[in-house]
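Participant: Here TrEMBL flags B:Asp448, B:Asp454, B:Glu457, B:Glu458 as Mg(2+) binding site. Here TrEMBL flags B:39-149 as domain 'TRNA-binding'. If you look up TrEMBL, you'll see B:398-470 marked as domain 'B5'. The domain 'FDX-ACB' annotation in TrEMBL covers B:695-787.
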Amino acid sequence: MSELQTLQVDLLARVEGAASIEAVEAIRVEALGKQGRVTALLKSLGGMTPEERLVEGPAIHALREAVTGAIGDRKAALERAALDGKLAAETLDMTLPVDRIAPGSVHPVSQVMDELAEIFADLGFAVASGPEIEDDWHNFSALNIPETHPARAMHDTFYFPEAGEKRMLLRTHTSPVQIRTMLKDKPPIRIIAPGRVYRSDSDATHTPMFHQIEGLVIDRGITLGHLKWTLETFLKAFFERDDIVLRLRSSYFPFTEPSVEVDVGYTMVNGKRVIGGSEGWLEVLGSGMVHRKVIEACGLDPNEWQGFAFGTGVDRLAMLKYGMEDLRAFFDGDLRWLRHYGFAALDVPTLSGGVGVAA
Amino acid sequence: MKFTLSWLKDHLETEADLPTILTALTRIGLEVEGVDDPAERLAGFRVARVLTAERHPQADKLQVLSVDTGDGVALQVVCGAPNARAGLVGVLGTPGAVVPANGMQLRVSAIRGVESNGMMCSSRELELGDDHDGIIELAADAPVGTPFADYAGLGDPVIEVAVTPNRQDCMGVRGIARDLAAAGLGTLKPLAVEPVAGEGAGPDVRTHDPAGCPAFFAQNVSGVTNGASPDWMQRRLKAIGQKPISALVDITNYVMFDLGRPLHVYDRAKLTGGLVARAAKAGEQVLALNGKTYTLAEGMTVIADDAHVHDIGGIMGGEDSGVIEATTDVLIECAYFTPEAIARTGQALNLTSDARARFERGVDPAFLGDGLAIATRMVLDLCGGRASGVTRAGQPPVERASFVYNPLLALTLGGLDVTEERQRAILEALGFDVTDDWHVTPPTWRRDVDGPADIVEEVIRIEGLDNVPSTPLPRAEGVARPTATPEQRTERRLRRAAAARGLNEAVTWSFVPAAQADIFGGGAWTLANPISEDMKVMRPSLLPGLLAAAQRNLSRGATGVRLFEFGRRYLADAERPTLAVVLAGERTPRGWQGGKAKAFDAFDAKAEALALLEAAGAPVANLQVLGEAGEAWHPGQSGTLRLGPKTVLAAFGIVHPSVAKAFDLGGPVAAVELYPDAIPAKRSSGFMRLAYAPPALQPVRRDFAFVVPAALSAEQLVRAVRGADKAAIVEARLFDVFEGAGVGEGMKSLAIEVVLQPGEKSFTDAELMAIADRVVAAAGKLGAVLRG
């Protein structure tokens, strides 16, 4: 074995055996430092003849490279081991729980109103609103319900004390928004008007406050056939089913003529009524062709303009679609109920994503 | 309105079966609300004769009967009734039958080792009476084997329909029959009216109130015997829920339900002089048949004799002159009361009756004479006696206005193409007169019909709404346009932002107790007729409802409550859209990281308010925090967020502890009330954003710590610092507050990080020094001193 080879074997063995970065560094200085043995060999190249250099040069350079590489590798290995050791000491129990705020929720009434707005927007209906504290002209008289009309007895009205000319009350339906819209806007009109309404009624299925949605179309040449199509189309879109069956019944509302009550067919599934089919019927909508007197009361010519109106309970639609059973729970603010029946913030009804939210 | 199938068939000649009739009723607008078919309930119960009765071998109180059920085979039945004996004809429930009283299905079974093939029944078991001492005993000649319902005449289904307020004619069975006949379910039988000529002068009746009672017809019958009404009449009245009282009373009720014609019968022995329909004097009193005394207002129509008021006209008779068993001489009243007057009086007295329901809708004004004749004939037939002549005081309003109808309207309004001939046939079947040139006169019993649209309804409902073809609404070209208004968009964003922040949306009552309204400034609107004291005042704030809901949740075991509501406040001048948040209980539960559970504080409320305002598009950076949230708030831990000194966008903070206590809430309760209508509208300028121009150079950060008077608000200082060099300073953020040792009494230290944005060139040291000097100077104006 040559001197160089002996030196290389010795150095590499010591590098391999070095236990710390400091020890490796000491070997580096000893071999490759200014006074290092390998450095001395490199310097000796200057004093050689070209022939000698041709032989010795590559061997010395090879020695330098081997030692440099071994030192680098050994240093990296030692650093890696040191980091591994440090990280191992930092181990935490990753099964520990994290802080998590319970998600919020949107009330079913709001969600269903958003769904309705989305569906009717596609049919060209805007959303209108009006005051809940109404006067009796907008709530009754303009809707062809005179004071002595038996229909007033059908509405259990909340009144405010008499003061001034107008008797103020809590609107008993969203129909006054029809009047306000016709007074304000020029036909053609297509609106829906959701909102709170009030009747002094309280039992298992009635609450003194609930939500209705009104629909109104005023245009030329609108017939009962358009009403029928609109309601069918809306209910199919709302329940997202094609097997929706409607049953129209002649009825009476003072502000429509002819008046039509609409039942929707249901099927019993696991003891629950599911909309679709026609095993039984649920009353869902009141509707009809807007009465001439109502159109006149709003300053429009009933010979030119005609149309239809409909109204339905928003809470009731929510119950039929999502399965709540007790109307009173809607207004209790019970977190357990709100989380159970509520909707996620990102459940925004869209036509492309579907207006309903799967259970 | 209830009636039985056989009653309907008195007026309607029809082959239709019950289901067909029910479907037709609903279809033409007489919605079937219920059907009770006693025959169905009593299926499996038959008339049976006991042939032999032997002692049960194993039980003293039981007998073993052999029963003849009419099919030739004697059935063995075990029976415990004391009256069971050979020869008795009773009612046997056969296996499979369901006992109405308890819902038990009968089966062949062994009772103490002896087979029993059914049950002999008591009245109570069949829900026919309270008798449970023994089994039913029928007449000895009752036909054995006949279904019991048939034998007992109980096989008459009772139908209940909802009659809408416009249908005066369907408040009697005959009107319903007429509608069904027009709908093609048979033919309307002619009504037999046999005028009773009577002897002598009619009774002395007059009307002095032609507005309230335009017509008052009457006839006397003398020498009547007022016993029980006949079985057939009692059965029908009972079937529709009316209690039989006496022949005379039952006759008036029967005619009312049969023909929609209310009547009243007076005991003449109790009258002083003639009867007059007149306007009541204020304060007059009458003891009505329901046992209550009513004090009348001036102008209410009454029937009175010389002495006093006997009848609240068209609504309820008086107790004093009502007929009793001993009555012998009667006066039968058949009058027309004006619907509007009846409605006003009925509403004012809060008194409902079957008569009011009919007069209020309007009875047939052309049916006074016939109605009276039918009633008088019935009294003579059932109670005997002699009739007087008829008095016809006043004139009922029988005139009907005719109008022109264009048959094309069925299509252009009703959407259904119906031939002219068919329309004419429908109208005539309903009693309308139609001339060749389509002048239509409604019948006297349809005062609701007064225009062409009503005729369309008649045609369409009889022809069938199901036949109206669905017609698509014309659709605007292209994709549907957005319809939501800016307010609606704001509402949606707020709602979804709140839910995304972990808040649960509640919907609470619009009305609150007066005391709760008072806490929040008092309500401007108080109901005159609240349903309860707890739902009396329209809320001036959304917080009472949410605080009450939070309390309910905590008492149900919730640990942390984050509720919000979007709704209206009802102020004197307007209804204002509002969003409120209530944070109660634990903000964070105890945890391995955070230690103890933490309660909510005012800064949680502020954080919600700012986040929600930002979501709603409010210029959050320009908002100022000021005080004066109101008396419902903690005076030192609440504030308002304003745009300028006046526009309040939100109030936030800790609810005043005394308010929380009033709602039974312990611990700090944080809340926000946010006013979306105060947020300035966004100036719409299309979709194009400003050009993107990020600064070329990195920002520079410098920290300043100031000692300031403790009363100085952080915001004032930050604002002053930010304003010290509007070109260079892009942000100033408070990051430390310190009070205590080293700062000095009545002072505090506020540390602010200032972000400086260089423009084209980096700041020089001199420039940075100058900016720092301006910052220190601006703060100095507020009494702030740079900490050494």
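The backbone N, Cα and C atoms fix where each Cβ goes, glycine too.
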Participant: Any idea which of the binding-site residues B:Asp454, B:Glu458 has the thinnest Cβ neighbourhood at 10 Å?
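Facilitator: With the binding-site residues B:Asp454, B:Glu458, fewest surrounding Cβ atoms within 10 Å: B:Asp454.
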Participant: Taking B:Asp448, B:Glu457 as the binding-site residues to compare, which has the smallest set of other Cβ atoms within 10 Å?
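Facilitator: Checked B:Asp448, B:Glu457; of these binding-site residues, fewest Cβ neighbours within 10 Å: B:Asp448.
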Participant: Given the model, what does the mean pLDDT over the domain 'TRNA-binding' (B:39-149) come out as?
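Facilitator: On average, pLDDT over the domain 'TRNA-binding' (B:39-149) sits at 86.
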Participant: Could you give me three numbers for the domain 'TRNA-binding' (B:39-149), the DSSP helix, strand and coil residue counts?
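Facilitator: Counting residues by DSSP class gives 5 helix, 44 strand, 62 coil.
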Participant: Report the DSSP secondary-structure composition of the domain 'B5' (B:398-470) as helix, strand and coil residue counts.
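Facilitator: Final tally across the stretch: 29 helix, 7 strand, 37 coil.
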Participant: Across the domain 'FDX-ACB' (B:695-787), what are the DSSP residue counts per state (helix, strand, coil)?
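Facilitator: Residue counts in helix, strand and coil order: 25 helix, 32 strand, 36 coil.
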